[in-house]
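Engineer: What follows is a single structure, and I will ask about it in a moment.
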Ligand SMILES: [Zn+2]
């Protein structure tokens, strides 16, 4: 009987310890999300504002502007305007990570990149396949390992017009509610 009690005590203790470990893991992650950008076509999360990088400016940028999101704590975001070989203009925000469809058959193009030393491929929304922008990876990493998505040396260029910020989406929903009543 004592043996059974000891086993039960052991199980309870290990459950408690696991809970404590989980709680301490949760506590270490206290960085607040500075805002979301969603796919304009279907509303899927595309990127979080925390991961936006403002210093990755192409030498080919024809204009650079900025805007802020967030109400209490403002997040400053740089937008660069670029032109593709067809003459189409795109306003891009650059980010360390974005939610792009994983297509193992897609290939990296080394030529015609807006960013020196980087190859590119198209970024499509994983849910609705809308064109969200491009992924960029260092050409030597592409030659070595041909990754499906950019490594931590790469980045993403997301077309500002293909996404909306969550606060803007919320304000549209509010407006929709107000207009309906
Ligand atoms: Zn979408």
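Every residue, even glycine, has its Cβ placed from backbone N, Cα and C.
The following feature annotations were taken from TrEMBL:
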type: DOMAIN; residues: 34-167; note: domain 'CULT'
type: SIGNAL; residues: 1-18; note: signal peptide
Engineer: Can you check how the pLDDT averages out over the domain 'CULT' (34-167)?
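Structural biologist: That stretch averages a pLDDT of 94.
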Engineer: By DSSP, what is the split of the domain 'CULT' (34-167) into helix, strand and coil residues?
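Structural biologist: Reading the DSSP string over the domain 'CULT' (34-167) gives 15 helix, 56 strand, 63 coil.
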